[in-house]
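Taking it in order: structure first as structure tokens, then the write-up.
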Amino acid sequence: MATVDSQRPKSAFITGITGQDGSYLVDILLEKGYQVHGLVRPSSQRRQFLSHPLRRGITLHYGDMTDSATLMQILSSITVDEVYHLAAQSHVAVSFQTPLLTCDINALGTLRLLEVLRILGLEKRVRFYSAVTSELFGNEAPAPQTEETPMAPVSPYAVSKLFQYAITANFREAYGFHASNGILFNHESPRRGTTFVTRKITTQVALIACGLSESFELGNLNATRDWGHAQDYMEGVWMMLQQPEGSDYVLATGQASSVRDFVEAAFKVIGTKIEWSGENESEMGTEVGTGKVRVRVNPEYYRPVENENLLGSAVKAKAAFGWEPKYTLESLVEEMVLSDIELVKSGKMFSTTNLDWLIDRSAEDGETTSAVNSSPSSTAGDTYKASDGWSTSGAEGSEQTECSSVAEGTDIPVPEKVELLPSAGVEEGGHDVAIDVLGKDDCGKVVLTLDEQDKPNENDEGHLAVVAVEEATATTPFVGTDLIKMDSSISIEPATPSPSTVAESERRVNLTITIDGEGRVTKVYNVPDFTAEEKVTLPTPVTA
């Protein structure tokens, strides 16, 4: 067990704990005997899981990187030896649409966290890890890129990370922090979000393998990346903070592959060979033997500025602490595709709550093995009730439906009819609304949740969100953009297909919508390269 002065276990604080990297880092730290604290944003998809006992050794705290006061409150109330700063707005394409938000979270968020640690006098005791990116190098850097390669970022995301990199190094030099920047090249896994291109590829290949899709679209097939496995990289991250002094390290495989290579490797897992024809925007991938077009290029998915040749060298990390990647591209892609095939078969491909790794599945007799610190305004278990707005409906004292099969912590079913209107006075720039649709529960009712950030308060004059959802059938996969119908005001009614047409397993889908300053709806695709300005008005759904 990792201990401090043989008196207590080591303790770590992780921002971004519910993301891909956070999940693997938690696995590593718990195995080494750490006590783990994590920062989570109080959204509905997390609240549902926080109603369950967590794995031993994990304590979660509500907050985000834009709130210095909450960070101060959390870090002054716990004893921590290592801080792993993983939280970020990490979509490159999204950063072109939201540069201010991206810099607020990534750049200023890092400064807020470092300044809180400095004010608390922890600069000599706490070791700090900052997760930066190979996107720092831009598109002109010679390959391979190392810690000494000049940085020339070409996206708002990369610019925000350059500030994060520089301010971390500055606090190391100016205030004596044991602080390290991890310049991590692309790293993927089955836990990668479905909005990233690699996971988009593996989920679509899985759907094709299961007969639920015919083809899909991608952007620049020529873009080259150095892809590794998140588990390998998080082991390297932990090793960085065990060194006598803080420094900056590149973690990379040293092998470059194109998006086209990744596609071929994914189809190879399901026994399909892809043959390419055409060039640039006219290029397509065809299945050898059947002639079916499986991949098309859509220029809408191109980034405004593309880093086409990122290739890293981890020579410094190998020399300093012996780090080397264990996964090859082929073994990484195989693990991802096989995992996604299982998710398709289980009906959970588009689950918005991929947090099973947090839950203690061995907990019995109601024993609580976790702690969740939250403010009164963000209580785990809050749910939306059409009759009286928001109320607490947690494991104890929750309002139950007539059907006792509704699990504890599950949000209450949608009543016969719920009308959701755009919120009044939405600030310019939009407001995200995330909807969890859990299909039919055992009572045969649709379950709906709203994100905590969209919870009505005393200043609201309406409820957020404009969306209608269709029930999935045995022949209709739950694909987010296929199931969204939007208008200025839409009613949601429970779907009424016979039980035989609904898959027995739970199905979920994440439907993200933006309402702009004029109350119009912006469609957000479940892919990284959406167009944020596109306004849509689709027909009102026909209710059963």
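In case you wondered, yes, glycine gets a Cβ from its N, Cα and C as well.
Noted in Swiss-Prot for the protein shown:
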- 16-21, ARG41, 64-65, 86-90, LYS161, HIS187, ARG192: NADP(+) binding site (BINDING)
- SER90, TYR157, ASN186, 192-200, GLY219, ARG225, 303-306: substrate binding site (BINDING)
- GLU135: active site, nucleophile (ACT_SITE)
- TYR157: active site, nucleophile (ACT_SITE)
- 366-406: region 'Disordered' (REGION)
- 368-381: compositional bias 'Polar residues' (COMPBIAS)
- 389-404: compositional bias 'Polar residues' (COMPBIAS)
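Geometry remark: GLY219 (substrate binding site) versus TYR157 (active site, nucleophile), CA distance 19 Å. The two recorded residues TYR157 (active site, nucleophile) and SER90 (substrate binding site) have their Cα atoms spaced 7 Å from each other. In terms of C-alpha distance, the listed binding-site residues GLY19, LEU86, GLN89 place GLY19 closest to ARG192 (substrate binding site). Cβ neighbour count for HIS187 (NADP(+) binding site): 27 (other Cβ atoms within 10 Å of its Cβ, all protein chains included). Taking GLY16, GLY19, LEU86 as the binding-site residues under consideration, the smallest Cα distance to THR195 (substrate binding site) is found for GLY19. In the three-state DSSP classification, HIS187 (NADP(+) binding site) falls within a strand.
Closest in space to THR198 (substrate binding site), of the binding-site residues given as GLY16, LEU86, GLN89, is GLN89, taking the CA atom of each residue.
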